[in-house]
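Trainee: Below are the features listed in TrEMBL for this protein:
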{"type": "DOMAIN", "residues": "3-237", "note": "domain 'Aspartate/glutamate/uridylate kinase'"}
{"type": "SITE", "residues": "K7", "note": "site 'Transition state stabilizer'"}
{"type": "BINDING", "residues": "G41, G42, R63, N156", "note": "substrate binding site"}
{"type": "SITE", "residues": "K218", "note": "site 'Transition state stabilizer'"}
Amino acid sequence: MNYIIIKCGGSVLEELPLTFYQDVVNLQKSRKWKPIIVHGGGPFISSLLHKLQIETKFHDGMRITSPEVLDVVEMVLTGSVNKNIVSQLKKAGGRALGISGADGDLLNAKIMDNGNLGLVGEVHQVNTELVSQIMFTDNIPVISPIGIDERGNRLNINGDLAAAAVAKALGGKLCFVSDISGVYSEENGKKIWKRTLNKKEAEQLINKKIIKGGMVPKVRSALDTLSAGVKEVVILDGKEKSSLSNFCAGMEVGTKMVQ
Ligand SMILES: Nc1ncnc2c1ncn2[C@@H]1O[C@H](COP(=O)(O)OP(=O)(O)OP(=O)(O)O)[C@@H](O)[C@H]1O
Ligand SMILES: [Mg+2]
């Protein structure tokens, strides 16, 4: 049985059709796949921060996180987005258990970049035992990307990096579900969709600012997992019917990361 780690982007959550969740449930019921969801929630966090009049800034697609911002991040991700996905999976005929990465030492994290981004962490260990226990009860794990350090401090983890860390710890396939059908390049002002992307091309496109914003941590963490034993990594559009199940079936969808 194969693990399929599914990163559900906050960008696309409101538009994901029920058939997407049915795909996830069917993969699990087929007994060929063990799906694990890690989610983001960027737009929902930004919207609540705006309402609360708390300023938010990004650096290379990563949210700079003050203690005040972290409280909102946690409230939105663990309190709202996570439970919404659990609810959708049940509506799709499945069973899911939502958990924060700070619970049960699920995502052990360290402060990133010497604290230059504030309370932003990177995962250095995943409690795979806990993930397995959740799956053993026939529940689909739904993980919100909050980490915890060895002293018990919570840290904001970029959802893409959290998903990549879980995939590296478990192996299997990794699928970034976003609001766009993969990565594009640009030639003479025209968008060209990339079927495949390697590290060198990705860094060139980042330098030229053709890959920007949230796509920067996504492609970097996606490519990073390949050298760490993840079998296949793709970025695809969750709004496209059957995109996830087609990827699992070995069909060509979205942009595939290559070494
Ligand atoms: N070269 C590029 N190719 C494709 N998308 C790009 C590119 N450069 C920037 N993007 C942007 O990256 C966005 C996806 O990243 P974003 O972080 O916004 O979404 P997400 O990761 O799915 O959601 P969340 O961060 O909330 O989990 C796309 O909507 C697109 O606008
Ligand atoms: Mg993102």
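Cβ coordinates are placed from backbone N, Cα and C, and glycine is handled just like the others.
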Trainee: Across the whole of the domain 'Aspartate/glutamate/uridylate kinase' (3-237), what does the mean pLDDT come to? Round it, please.
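Mentor: A mean pLDDT of 97 is what the model gives the domain 'Aspartate/glutamate/uridylate kinase' (3-237).
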Trainee: Where the criterion is a Cβ under 6 Å from an atom of ligand 1, which of the recorded positions K7, G42, R63, N156 meet it?
Mentor: G42
Trainee: Give me the Cα-Cα distance between N156 (substrate binding site) and K218 (site 'Transition state stabilizer'), rounded to a whole Å.
Mentor: 16
Trainee: By the count of other Cβ atoms within 10 Å, pick out the sparsest of the recorded positions R63, K218.
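Mentor: Counting other Cβ atoms within 10 Å of each of the recorded positions R63, K218 gives the minimum at R63.
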Trainee: Can you tell me the CA-to-CA distance separating R63 (substrate binding site) and K218 (site 'Transition state stabilizer'), as a whole number of Å?
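Mentor: That comes out at 14 Å between the alpha carbons.
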Trainee: To the nearest Å, how far is the Cα of K218 (site 'Transition state stabilizer') from the Cα of G41 (substrate binding site)?
Mentor: 14
Trainee: Where does K7 (site 'Transition state stabilizer') sit by DSSP, helix, strand or coil?
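Mentor: SS state of K7 (site 'Transition state stabilizer') = strand.
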Trainee: Would you measure the largest Cα separation among G41, G42, R63, N156 for the substrate site and round it to whole Å?
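Mentor: In whole numbers, the farthest two Cα atoms are 12 Å apart.
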Trainee: For G41 (substrate binding site), which DSSP three-state class applies?
Mentor: coil
Trainee: In the same chain, which residues outside the set G41, G42, R63, N156 have their CB within 8 A of the centroid of the CB atoms that define the substrate site?
Mentor: G10, G40, I45, S46, V73, V76, L77, P145, N158, G159
Trainee: DSSP secondary structure for K218 (site 'Transition state stabilizer'), reduced to helix/strand/coil, please.
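Mentor: Looking at the DSSP assignment, K218 (site 'Transition state stabilizer') belongs to a helix.
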Trainee: So what sits near K7 (site 'Transition state stabilizer') in its own chain, CB-to-CB under 8 Å and at least six residues off in sequence?
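Mentor: I37, V38, H39, G40, G159, D160, A162, A163, L174, C175, F176, V177 - these are the non-local Cβ neighbours of K7 (site 'Transition state stabilizer'), listed in sequence order.
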Trainee: Enter the number of other CB atoms within 10 angstroms of the CB of N156 (substrate binding site).
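Mentor: Excluding its own Cβ, N156 (substrate binding site) sees 28 Cβ atoms within 10 Å.
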Trainee: Relative to the Cβ position of G41 (substrate binding site), how many further Cβ atoms are located within 10 Å?
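Mentor: Excluding its own Cβ, the number within 10 Å is 26.
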